[in-house]
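Here TrEMBL flags Lys140 as active site, proton donor. Marked as substrate binding site by TrEMBL: Lys104, Gln125, Lys128, Gly179, Ser392. The NAD(+) binding site annotation in TrEMBL covers Thr224, Asn255. The site 'Important for catalysis' annotation in TrEMBL covers Asp180.
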Amino acid sequence: MATLLQHQDLETRSAKNYVTEVFELVKKRNPNESEFHQAVKEVFDSLIPVLAANPNYMKHGILERMVEPERVISFQVPWIDDHGKVQVNRGFRVQFNSAIGPYKGGLRFHPSVNASIIKFLGFEQIFKNSLTGQPIGGGKGGSDFDPKGKSDTEIMRFTQSFMSELSKYIGPDIDVPAGDIGVGAREIGYMFGQYKKIRGAYEAGVLTGKGLSYGGSLGRKEATGYGTVYFVEEMLQDVGLGFKGSTVVVSGSGNVSIYAIEKAEQLGAKVVACSDSSGYIYDKQGINLDTVKRLKEVEGKRISEYVIQHPHAQYYPDCSGIWSIPCDIALPCATQNEIDDAAAKLLVSNGVIAIGEGANMPSTLEAVNVFHENKVLFGPAKAVNAGGVAVSALEMAQNSMRLSWTLEEVDLKLQEIMKDIYTNSIQAAQDYNAPGNLVVGANIAGFKKVADTMISQGVI
Ligand code: NAP
């Protein structure tokens, strides 16, 4: 018995050393990429027990290979604005890991985009895509282009120039981009048109999030937000709770937020606050989603205008203040690192029961520790928001078969997928001695399939 324990100790120590060594290498090779380091650290910390139990992963250099993207493409995107001035942005596509399928992941257009952000998102995507149970690898891309304040023709010229270069590296069996922050149906439409023109072929499966008239899937627009709520409902039901009768705060007012609000309300919750990058609104009677949809989806206005229609509500010009509102469930659905240590403590002191990360990495590592220490139910992004990419994979399947499923069919599949992700993550956490820790569970469940596949395919 003593020898067995000593042996396990040794394995754990060598797994810890291995993780430390590879993480140091990541920092050295990728200096000044703090978001990428953060994402790698979160995954690595979870993997120690799985590496200790399966030293084969160390022998095959799996971590070293996983943290190095298979390909990083960085390119110039020149375009002409409405005043005839030449503008130049930077485009990226990181093709991270193709062990289990073609690269898959969104495109983000936001001024904050840089190599670190695209790499953290691409790295996360490997495990998220694996968790969905679909045959898709991990990738991500985007540009530091700021769509805010641009005319429709400027958006078109920019996206066409972006696709002129990107088209060389993607294809239905190679790499299939989708939307993310700043990239919705309009941008996907322009990019698809340009891709079709360049290739001279109608390859519907090259992009997902397309319009319904040219190969889009019913339910894709709603998938990430609905999936977020389905996952959190699973988490709550496991302890005898649910959205019904709860008070919810959702940050952001974009694609993920709007459909998270919609599903939470359908399940009987009252959503009292949402935000944009300028500020947040608090409507204690419950947010009127029709107003938010009109302002954001149709008119492209700021969330501050909500209070013009609903004068009993309040607007506060600081988006981070949203976490001071007391709630049972918080769904951060805007952007990375929007909940820090202080915001997490505030949520806890106001009695929050559950957090579901609709956005990618919205909580800092310190904030996640605060939630765990205080026994708050915590659903990590790569599990919670995987519904979007899962339905993107369903869109690819429909494109391959040249048919369309009904909204009910897609929604049912989404519900099953989110339930499976929850079950597999909670089971993996249990198996590796971290009961209830969904960060550990999701990382391990996502990792094992990719790692085992990499071993079967050899060092390539
Ligand atoms: P979106 O439609 O562009 O909406 C983003 C929302 O977040 C907007 O309300 C935006 O406000 C707000 N926001 C952006 N940057 C912010 C900042 N620095 N501080 C505060 N608020 C900020 O994007 P989305 O598709 O909903 O994506 C939101 C998050 O979900 C991202 O983390 C994305 O990676 C993740 N995600 C999306 C999908 C998907 O299917 N779309 C799937 C998985 C994960 P403004 O309008 O003022 O910029």
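Using the three backbone atoms N, Cα and C, a Cβ is placed for every residue, glycine included.
Structure with TrEMBL features highlighted.
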residue	record	Cβ contacts under 8 Å, 6 or more apart
Lys104	substrate binding site	Gln125, Asn129, Ile136, Gly137, Gly138, Gly139, Asp175, Val176, Pro177, Ala178, Val389, Ser392, Ala393
Lys128	substrate binding site	Gly138, Ala381, Lys382, Ala383, Asn385, Ala386, Val389, Gly446
Lys140	active site, proton donor	Arg93, Val94, Phe96, Gly105, Gly106, Leu107, Arg108, Ile118, Lys119, Leu121, Gly122, Gln125, Asp180
Gly179	substrate binding site	Gly106, Leu107, Ala185, Glu187, Ile188, Gly209, Asn255
Thr224	NAD(+) binding site	Asn255, Val256, Tyr259, Ala260, Gly358, Asn385, Gly387, Gly388
Consider only the recorded positions Lys140, Asp180, Thr224, Asn255: which of them have a Cβ under 6 Å from an atom of ligand 1? Write none if no residue does. Asp180, Thr224, Asn255
For substrate, whose listed binding residues are Lys104, Gln125, Lys128, Gly179, Ser392, the greatest C-alpha pairwise distance in Å: 16
State the three-class DSSP label for Gly179 (substrate binding site), counting H, G and I as helix, E and B as strand, and everything else as coil. coil
DSSP-derived structure type at Gln125 (substrate binding site), helix or strand or else coil: helix
